[in-house]
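Per TrEMBL, the features are as follows:
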ACT_SITE  D347  active site, proton acceptor
BINDING   K50, G122, R150, Q197, R378, R422  phosphoenolpyruvate binding site
BINDING   K50, S51, R55, S195, Q197, D347, K374  3-phosphoshikimate binding site
DOMAIN    37-454  domain 'Enolpyruvate transferase'
REGION    1-29  region 'Disordered'
Amino acid sequence: MTAPSAPTPFATDRAPAGEAPTGHDGPARPLVAHPATTALAGTIAVPGDKSISHRALMFGALAVGETVVEGLLEGADVLATAAAMRALGARVERRAGRWHVNGVGVGGLAEPEDVLDMGNAGTAARLIAGLLATHPLTAFVTGDASLRKRPMGRVREPLERFGARFVLRHGDRLPAAIIGAENSVPVSYTLPVASAQVKSAVLLAGLNTPGETVVVEPKATRDHTETMLQAFGAEVRVEKAGKGRRIALTGQPELKPVAIAVPGDPSSAAFPAVAAAICRGSQVAIRRVGLNSLRTGLYDCLQEMGAHIEITDRRTEGGEPVGTIHVQGSRLKGIQVPPERVPAMIDEFPILAVAAACAEGETRITGAMELRVKESDRIGAMAAGLRAAGVAVKELPDGMIVTGTGRPPPGGATIATHLDHRIAMAFLVLGLASAAPVTIDDGAMIDTSFPGFAGLMRGLGARIEVA
Ligand code: S3P
């Protein structure tokens, strides 16, 4: 089967024809952000939610019948999931802007003929490992240079309890060989780290396992797997357990296809939102953004920092709250981020650190050790980049302290992005509010989660150009 080409709605900053579109195999694309001379203004929509998009394709591939997905994120990470679902036997097609997934039923995945290359996508790699673990097949999984550095032992450990076998490089890294269990047994697992990816991997392994699979999470993490599986007809019971949750899934359901409208990604909206907050006089509205409270910690922080943020048009779409986020240029002050808020903004720390660099006073981030194992070591990458741009920053083992002056940071640096889309976008936003331009060494990875980012920002009045 061949992959249909997947045009993106915003084509302005994609690789020129003939170059690899995914970033990780193609040439580096340095970009520069110039200090904003006029306020940012306009109403925009950001691409679809990455977490929901991965799950829509995976659950559609396990349903019996056709799942139709509107607003799927057509970024490289999700396209890697689409290709993997095809390789496992599902029919996945893009027609007239919608994605159609014809599933094979729980237990029906076929052994892939070739290595599954998940590119830069940690979520896809971990969740697919869960699916493979309880199908009687052998599969090989790899990823790009960033993904091959990220820990996989965290899913290997619970998934082997179902009866699967993993062979991982250095016991913890991709590439991996996964030999799925012939007769899997249900598992009860307490997460050692707050991770929606690990929770989801265990629940997905539980799908093709008879009996009840239980996951206990000490802190609540994004719950898209639970709510979407319920919508597909699975029996998933969620109870409070201390500060976290206990999730119980009854195995071997028949999943029924559903129509999915993917909301805008709050993690992508975070970049124009902070850009508006730190550029004087700005007025930006972002339509139809997902507002699941397990995802919106950044917006709570920005309000505590003094940002003028208003949310209108609140409604529920496909089981998820959505709304329009309005942000005005504001004078920000430093805050202490409550450590219990970390899971609800785990992907937003790079851009929060940029807001902190433009705020007056100290912003203290702690309890965020997980940032060290994201697409890059985000604590190290942000601290080094901010320092290069003239910002006072102290690196902590589990966070950082950023001290802003309330005036534009100096800027005037070239930042190493370490194959990390969010580091790339965060420093371009910093450049808009700095005294001198900020250059990033490679903007190609932005396409993994936010195709069209630079074009969309230019539409608001930002000067982001090829360096
Ligand atoms: C995700 C979970 C988070 C997040 C990632 C997406 C998901 O990872 O950082 O971008 O869709 O489940 P962890 O669960 O490892 O924190």
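Every residue gets a Cβ built from N, Cα and C, even glycine.
Feature map: TrEMBL annotations on the structure.
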residue : record                           : contacts (Cβ under 8 Å, 6+ apart)
K50     : phosphoenolpyruvate binding site : L73, G75, D77, V78, T123, D265, S267, S268, S449
R55     : 3-phosphoshikimate binding site  : L127, S200, H224, T225, M228
G122    : phosphoenolpyruvate binding site : L147, R150, Q197, K374, E375
S195    : 3-phosphoshikimate binding site  : R154, T221, E370
D347    : active site, proton acceptor     : S267, A270, K374, R422
R378    : phosphoenolpyruvate binding site : F349, P350, L371, R372, D420, R422, I423
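Ligand 1 lies within reach of S195, Q197, D347 from the recorded positions R150, S195, Q197, D347, judged by a C-beta closer than 6 angstroms to any of its atoms. Cβ packing within 10 Å was compared across the binding-site residues S51, Q197, and the lowest neighbour count falls to Q197. In terms of local Cβ density within 10 Å, R422 ranks first among the binding-site residues R150, K374, R422. Secondary structure at K50 (phosphoenolpyruvate binding site), as computed by DSSP, is helix.
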